[in-house]
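Q: Supplied in structure tokens, the structure appears directly below.
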Amino acid sequence: MQWTVVVPLKALARAKSRLSDTAADGLRPGLALAFAQDTVAAVLSCAAVRDVAVVTDDPLAARELAALGARVVADEPADGLNAALSHGAAVVRQRMPGAAVAALNADLPSLRPPELARVLDAAAEFPRAFLPDAAGIGTTLLAAGPGRELLPAFGTDSRARHRASGAVEIALDEVDSVRQDVDTGDDLRAALALGVGPRTAAAAARLLIPEQPVD
Ligand SMILES: Nc1nc2c(ncn2[C@@H]2O[C@H](COP(=O)(O)OP(=O)(O)OP(=O)(O)O)[C@@H](O)[C@H]2O)c(=O)[nH]1
Ligand SMILES: C=C(OP(=O)(O)O)C(=O)O
């Protein structure tokens, strides 16, 4: 199955507020953009992906992500993450009614295309499926097969809420790069330890984060 991946992205000036102790106000928008660029570049290289729609109102991010090959959908509802995702999925299905649609966060700078392909191949076995984040509380990916509504319930405790909504939890080993979202400084260190894309590596170097000791 080939997927259309919907990536939501908050306006860069407001994005990644929980990284404020790690990245100063002047550096955070660039870091959030770098995460999104590395995420979208990896998604576009994934064998299980047909195309990518980014839902954002940020003009700079829209330009940069379109340059990578993503389609940009305006965040017309302007009513938070889940409204943005439902809107993005609806726009995709207007063009391609039978599309398999997966929502994926824009803060996955370690994302590796083969790991994403394994997750999407696993999701294809179910009407709706999701992947919990590295912390085990949230969600990084929610998938809906052809003819199924996405019904996104991202946000606090989204793992439990997606499970309660009837979506099947994907249980796969060795897909850490798809689970490792970056909300905090510790998450960023974990992502750097996994390995990040080139834009995040450059942006993180500007933060002067010390190298992780190898044990
Ligand atoms: N289009 C759109 N995307 C959103 C919105 N809110 C969050 N997102 C995106 O949803 C994904 C998950 O959000 P979070 O991990 O909470 O990211 P964030 O909101 O930048 O982080 P914090 O400011 O620390 O809460 C990220 O890709 C965000 O950019 C929104 O209102 N509209
Ligand atoms: C929106 C979510 O992500 P975060 O915990 O990164 O805000 C989520 O896990 O549903």
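Backbone N, Cα and C atoms are what each Cβ position is placed from, and that goes for glycine too.
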Q: Given that TrEMBL lists G155, S158 as binding phosphoenolpyruvate, which residue among T139, T140 does it place in the same site?
A: T139
Q: Across the listed phosphoenolpyruvate-binding residues, T139, G155, S158, what is the farthest Cα to Cα distance, given in whole Å?
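A: Between the most distant Cα atoms of the phosphoenolpyruvate site, 8 Å.
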Q: If you count CB neighbours within 10 Å, which one among the binding-site residues T139, S158 has the smallest count?
A: S158
Q: I'd like the number of other C-beta atoms within 10 A of the C-beta of G155 (phosphoenolpyruvate binding site), please.
A: 12
Q: Cβ within 8 Å of the phosphoenolpyruvate site centroid (T139, G155, S158 excluded): which residues?
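A: Output for this site, in sequence order: G138, P152, A153, F154, T156, D157, R159, R161, H162.
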